[in-house]
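TrEMBL annotations:
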| type | residues | note |
| --- | --- | --- |
| DOMAIN | 9-289 | domain 'Aromatic amino acid beta-eliminating lyase/threonine aldolase' |
| MOD_RES | 203 | N6-(pyridoxal phosphate)lysine |
Ligand SMILES: *Cc1c(COP(=O)(O)O)cnc(C)c1O
């Protein structure tokens, strides 16, 4: 089971290998120095994402963490505050970057099981204009959240609140295309509510690296400076942008296959007595295992060449992606069924 090709890696949709077509597109990419704004492939990718999502401009960033960070740095100044879900990536999983690098204070807000925040609670967390308080400037959402697509009417309500209270609204859309697929709408129907949106090319879309931040021309201009400050100004990066363009052309509509496979995996696990399927949304399945059985499960999966994300969340997370086939799902179900 040590041969890589034998391992079924369900830890994350970040583990995909670029396919031959993507590698060919990278090989043939026209490139230039992107710090001088001269990389035609980066320019094409940025234009493509801005147009698709309904924004004036976009900026390629090496990671989603950096795309979110430069957005927060552009929306907020030192001593400002952003409101954010307590379990959100932009609060919990980005090393506190906005506070560390921007002196921007997070105000975490509890989230319901579906990822939404009570908008009354959000509104009461907005600080009065008073020297005692940080200045509340920004609200951040995440879609999908734990694999769930946020309800579209919730997005409209959040936009209404931000308009009423003068807040900017940022979307961590690392898995925006999964959300659009699950909600059966064009991505624009989600992004139209936001002032800025980051999308990951390196999750379900299968590129080796890269995220794109979209927003107004003015905002993107500011983020370009912050990206340089963060060390993210890169040179002939069209090689990676070409992978992103390939991903948008080939790997968006097929996300529905990942969602169907996750649903089939969840259905197959429902019969396994020692585990409980907690949730299955888009390409993610969450299972609960009694604490005293967790190590045994980890050992069992490892022995049978299955990788799962264990230890970051109370649940075990299984994620489908480009490199997971129907046969892999069958084998994974079989391995779980032999755990007792
Ligand atoms: C992966 C991810 C990001 C960005 O992560 P990077 O690894 O820095 O690209 C941001 N938000 C969410 C929800 C993510 O899953």
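Glycine residues also receive a Cβ, built from the backbone N, Cα and C atoms like all the rest.
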Cβ packing number for the residue listed as 'N6-(pyridoxal phosphate)lysine', 10 Å threshold: 25
Rounded mean pLDDT for the residues that make up the domain 'Aromatic amino acid beta-eliminating lyase/threonine aldolase' (9-289): 98
